[in-house]
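Undergrad: There's a structure below that I have some questions on.
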Amino acid sequence: MEGINKTAKMQFFFRPFSPDPEVQMLIFVVFLMMYLTSLGGNATIAVIVQINHSLHTPMYFFLANLAVLEIFYTSSITPLALANLLSMGKTPVSITGCGTQMFFFVFLGGADCVLLVVMAYDQFIAICHPLRYRLIMSWSLCVELLVGSLVLGFLLSLPLTILIFHLPFCHNDEIYHFYCDMPAVMRLACADTRVHKTALYIISFIVLSIPLSLISISYVFIVVAILRIRSAEGRQQAYSTCSSHILVVLLQYGCTSFIYLSPSSSYSPEMGRVVSVAYTFITPILNPLIYSLRNKELKDALRKALRKF
């Protein structure tokens, strides 16, 4: 009982990137700029899709919701990370606050990954079954797929968060990270975590491999269908749309796999923190850039909106 009470009252601190205040301030400015850029880019996509009736199609519906997910995803960790940078690692987070941050980060990140599968399915139907596209991709199905992505993210996040915070935490209160990531928090537990690490690895493998396999299968059929398109313009348009999605998938799944599927023996906290910067800050910036720069309809809608202002 005493151990449980100690754990409940614990506070965690995040290890600074550098002991030099000037370096910390520089990283703070970089993180803040990346965060604001991510917010601006993703909010722009969501608003452009909403106000432009020509973009009210399933593909852009999913793209807009992906942008909204990215906003909440980065916002679940950035404010605390920025406060920690300013305080040189002296900003505490309670165990409840850490668990809450982990839950929302995994929930939104999981929903993000599932939504990428949904977007691949949408493109598969659009390219391989164009005549039946409107019949298959009804608005009711689109909403169901979106809600399903959120539900799966929730069902992934809740048991993982409970699994990790069921562990006892003792004297070591410094998290070698800039947010409450699962492997980093688990390293602070004063108990045997082999079962927990194995469970996390198995769940991560299933959660990452199944969606990635479904996306890969979809794109095998899509590539075959694109090669059959006689029009060079049609092939180029299909290729441009699909290549944008593939780039986003590679960024998201590549970074996540490195963090959660690396063997414990070869896991480097420092490298894990660097890679985490890529998929928590850089990927949400690149997503709107990749989609907007490679999508003619979205670029045209953005130009029209800018001309109005």
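Heads up, the Cβ atoms here are built off N, Cα and C, so glycines get one too.
Pulled the feature table from Swiss-Prot, pasting it below:
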type	residues	note
DISULFID	Cys98-Cys190	disulfide bond
CARBOHYD	Asn5	N-linked glycosylation site
TOPO_DOM	1-25	topological domain 'Extracellular'
TOPO_DOM	47-54	topological domain 'Cytoplasmic'
TOPO_DOM	76-100	topological domain 'Extracellular'
TOPO_DOM	122-140	topological domain 'Cytoplasmic'
TOPO_DOM	162-198	topological domain 'Extracellular'
TOPO_DOM	219-238	topological domain 'Cytoplasmic'
TOPO_DOM	260-272	topological domain 'Extracellular'
TOPO_DOM	294-309	topological domain 'Cytoplasmic'
TRANSMEM	26-46	transmembrane segment
TRANSMEM	55-75	transmembrane segment
TRANSMEM	101-121	transmembrane segment
TRANSMEM	141-161	transmembrane segment
TRANSMEM	199-218	transmembrane segment
TRANSMEM	239-259	transmembrane segment
TRANSMEM	273-293	transmembrane segment
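Show me how these features fit into the shown structure, please.
TA: The Cβ of Cys98 (disulfide bond) has Phe12, Phe165, Ile175, Cys180, Val185 as same-chain neighbours under 8 Å, each 6 or more residues away in sequence.
On the 0 to 100 pLDDT scale, the topological domain 'Cytoplasmic' (47-54) averages 90 in this prediction.
Across the topological domain 'Extracellular' (76-100), DSSP assigns 15 helix, 2 strand, 8 coil.
Broken down by DSSP into helix, strand and coil, the topological domain 'Cytoplasmic' (219-238) contains 17 helix, 0 strand, 3 coil.
Tertiary proximity for the topological domain 'Cytoplasmic' (294-309) is limited to same-chain residues at least six positions away from its ends with a CB under 8 Å from its CB atoms, namely 44-45, 48-49, 51-52, 54-55, 60, 237, 240-241, 243-244.
Residues 17-18, 63-65, 67-68, 70-71, 74-75, 78, 81-82, 85-86, 281-282, 284-285, 287-289, 291-292, 298, 302 of the same chain lie 6 or more positions beyond the ends of the transmembrane segment (26-46) yet place their CB under 8 Å from a CB of it.
Sequence-remote contacts of a segment are chain residues at least 6 beyond its ends whose Cβ falls under 8 Å from one of its Cβ atoms, and for the transmembrane segment (101-121) they are 59, 62-63, 65-66, 69-70, 72-73, 76-77, 80, 93, 145-146, 148-150, 152-154, 156-158, 160-161, 164-165, 179-182, 185, 207-208, 211, 214-215, 218-219, 245, 248-249, 252-253, 256.
For the transmembrane segment (141-161), the residues of the chain that approach it from at least six positions outside its boundaries are 58, 61-62, 65, 99, 102-104, 106-112, 114-115, 118, 121, 182, 200, 203, 207, judged by C-beta separation under 8 angstroms.
Sequence-distant neighbours of the transmembrane segment (199-218) (same chain, 6+ residues past either end, Cβ-Cβ under 8 Å): 110, 113-114, 116-117, 120-121, 123-124, 156, 160, 163-164, 182-183, 186, 249, 253, 256-257, 260-261.
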Undergrad: Short question: which residues 6 or more past the ends of the topological domain 'Extracellular' (76-100) have a Cβ under 8 Å from it?
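TA: Beyond its ends, the topological domain 'Extracellular' (76-100) has Cβ neighbours at 7-8, 10-17, 19, 21, 24-25, 27-28, 31-32, 35, 108, 161, 165, 169, 174-175, 178-180, 185, 280-281.
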Undergrad: Name, in the order they occur in the sequence, the residues of the same chain whose CB lies under 8 A from the CB of Cys190 (disulfide bond) and which sit 6 or more residues away.
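TA: Expected: Pro168, Phe169, Cys170, His171, Asn172.
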Undergrad: At a C-beta cut-off of under 8 Å, are there same-chain residues at least 6 beyond the topological domain 'Cytoplasmic' (47-54) that contact it? List them, or none.
TA: 60-61, 63-64, 297-298, 301-302, 304-305
Undergrad: Tally of helix, strand and coil residues over the topological domain 'Cytoplasmic' (47-54) according to DSSP?
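TA: Here the numbers are 7 helix, 0 strand, 1 coil.
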